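Here the structure is laid out as C-alpha cells; the discussion comes afterwards.
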Amino acid sequence: MPALRPLLPLLLLLRLTSGAGLLPGLGSHPGVCPNQLSPNLWVDAQSTCERECSRDQDCAAAEKCCINVCGLHSCVAARFPGSPAAPTTAASCEGFVCPQQGSDCDIWDGQPVCRCRDRCEKEPSFTCASDGLTYYNRCYMDAEACLRGLHLHIVPCKHVLSWPPSSPGPPETTARPTPGAAPVPPALYSSPSPQAVQVGGTASLHCDVSGRPPPAVTWEKQSHQRENLIMRPDQMYGNVVVTSIGQLVLYNARPEDAGLYTCTARNAAGLLRADFPLSVVQREPARDAAPSIPAPAECLPDVQACTGPTSPHLVLWHYDPQRGGCMTFPARGCDGAARGFETYEACQQACARGPGDACVLPAVQGPCRGWEPRWAYSPLLQQCHPFVYGGCEGNGNNFHSRESCEDACPVPRTPPCRACRLRSKLALSLCRSDFAIVGRLTEVLEEPEAAGGIARVALEDVLKDDKMGLKFLGTKYLEVTLSGMDWACPCPNMTAGDGPLVIMGEVRDGVAVLDAGSYVRAASEKRVKKILELLEKQACELLNRFQD
C-alpha cells in the first residue's frame, strides 16, 4: 500500500487530462466552435469578422469565442459533439417581419433573422434621400438605411453648385478651399488605370477621391446578372477586402476575378462612379508585342452554343457596343478555340477605335495643388457640375466653364419639371372635392396618347365621400382616372414615394377623377387630423353659406 502512494498524484493527473476535452476550461463556456465539428460549419460571424472577442467571457453564455477568417476571434453559437448541425424541422421566413428599412429575412443557424440587403439592381434610378445624399437607386438608399439603423425617405432633388455659373474668380483665389465653404462633389485624385495580375497574385484598386464632405465609397463588380453585390469598407467578401480608406484588395487572384470593378463615391454635393479594369492572366503579359488588328467578329462575344466541354474558369474580354468599352464574358469556344482577349488593354487597343468620348470619364482632380474651379460632365446625372482641379494629370472631362461643358457633352435641353401647384390649399380643396381618401398607390398605368392614365389605390381610410358610397360598399381598392396628365412632368405626381397619400378629387359619371390641380399630398398625422377637424366642425357648410 505505501508503494502505491507515489502513483496517486500521477493517476489523478491522468484522470483530469482524459476529461479535459469534455469539460470547459477555467472561465470558458461549454461546447466547441462550429468548425471544430466540421469545416463546413462556418457561420456568419466567422466569415464576416463581426462581433469581435478575445475570450469566451466576452460572449453570451451559449456562445464561444472562435477564430474567424480575418485571423481574429468572433462570438458564435457553441456546438456540442453529437448534437444535430441543423434543426430537424426546416426553418421558414413565412410570417417573419423585418421592421428595419432595407432588411430581408434570412435563415441563420436554423432561425429566421433579419439581414441588411447587400445586392442591388445595377440599373440607375437616382434617388435623393432625407439624409442629403444622392443614391444610385432606391435599393442603395434602403441598404444604407439598414446599415446605419435609420429610416430614410425620398425627397425632391436639390443640385448644389460650388461656384456660380460664371468664369472662375481672380488668380489670388487659388488657396485650398476652407472647410466652411460650400459642398464639393467627389473627384478622383488620379485616373483609373487598367491592371493585369497573374493567377494567384494580389491586386490593389484604390478609389482615392476628394470632396466636401468626405465622400462615402462602395465597390461592386460589374456582371451580366440583374443585381450586383455592394462591397463596403471594413468588410471581407471571399478573397476580396475593402479597407477603411476605400481600397479594394484582391488576394489569390483567379481567372473568374477578372472584370470591371466600379467605385461609387457620394456626398451631399454629388455622385461619382469610376470603372477600374482588372485582368487575370496565366503568365506575365508581354509588353513589347504590338496588338494585331482583329476581325470584327473577334471583338464580340461568341454567342453560338457548343456541345463540347466548356471552360467555366476561362474569362476573356470582348467589346460591348452598348457600354462603349470592353467587358468580360464567359469564354465559349468549340474544340477549345475560345474567341476574345486575355487583357482589357489588348481589347481596348484592338476594338475601341478612336480616342473615345471624354464626357464618359470621371472627374479627376489630380495630385497637384494649383487649385482651380473647373466643370465636368456626369453621365449618370446627365448634367455638368463643378469640381476642384489640381492643375495636372487630369483628363478630357475638364472644362473651364459650364457653357463649354454643356456645348461638348449631351446635356438635356428640356427645362426641369416645376413643382406641382395645387389649385387651392387644404381646406378649400376639401370643400371643392367630391371625395377625400387616405391610401397607398399600388399601380399607375400611363396612357400618353389619351393624355391620361389610371392609378390604383389601396384604401386605408375614407374621409369624405359624397357620390361613390365607398364605406357602404366596403371598397378596399379604388381606381382613379388621371385626366390631362403630361407624363414628362406629371401633376399630380402619383409616383413619388410609397407611403400613404391624402387624395382629393372629383367624381364624374360615378368615376373618381384627378386632374393637374387636384390635391395629392403625403398623409401625415397632422394633415389627416386637420381634415377630420374641418369635417367635424362642418367648415364646408359654413364656407358655402358665405359664398351664397
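Glycine too: its Cβ is placed from the backbone N, Cα and C atoms.
Small disclaimer: the values here were computed from a predicted structure and weren't measured.
Quick look at what Swiss-Prot lists:
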- CYS49-CYS70: disulfide bond (DISULFID)
- CYS53-CYS65: disulfide bond (DISULFID)
- CYS59-CYS75: disulfide bond (DISULFID)
- CYS116-CYS146: disulfide bond (DISULFID)
- CYS120-CYS139: disulfide bond (DISULFID)
- CYS207-CYS263: disulfide bond (DISULFID)
- CYS299-CYS351: disulfide bond (DISULFID)
- CYS326-CYS347: disulfide bond (DISULFID)
- CYS368-CYS392: disulfide bond (DISULFID)
- CYS417-CYS489: disulfide bond (DISULFID)
- CYS420-CYS491: disulfide bond (DISULFID)
- CYS431-CYS540: disulfide bond (DISULFID)
- 26-79: domain 'WAP' (DOMAIN)
- 108-159: domain 'Kazal-like' (DOMAIN)
- 186-279: domain 'Ig-like C2-type' (DOMAIN)
- 299-351: domain 'BPTI/Kunitz inhibitor 1' (DOMAIN)
- 359-409: domain 'BPTI/Kunitz inhibitor 2' (DOMAIN)
- 409-540: domain 'NTR' (DOMAIN)
- ASN493: N-linked glycosylation site (CARBOHYD)
- 164-184: region 'Disordered' (REGION)
- 1-19: signal peptide (SIGNAL)
Candidates CYS65, CYS139, CYS299, CYS392, namely the disulfide-bonded residues, that fall within 10 Å of CYS347 (disulfide bond) by Cα distance: CYS299
Cα proximity to CYS489 (disulfide bond), best match among disulfide-bonded residues CYS207, CYS351, CYS420: CYS420
CYS59, CYS207, CYS417, CYS540 as disulfide-bonded residues, winner by CB count within 10 A: CYS207
Of the disulfide-bonded residues listed as CYS120, CYS146, CYS299, CYS431, the one whose CA lies nearest the CA of CYS59 (disulfide bond): CYS146
CYS431 (disulfide bond) CB neighbourhood, other CB atoms within 10 A: 19
Disulfide-bonded residues compared (CYS65, CYS392) - highest count of Cβ atoms within 10 Å: CYS65
Distance, CYS65 (disulfide bond) to CYS491 (disulfide bond) (CA atoms, angstrom): 58
Inter-residue C-alpha distance, CYS392 (disulfide bond) and CYS207 (disulfide bond) (nearest angstrom): 18
Length of the line joining the Cα atoms of CYS368 (disulfide bond) and CYS420 (disulfide bond), in Å: 46
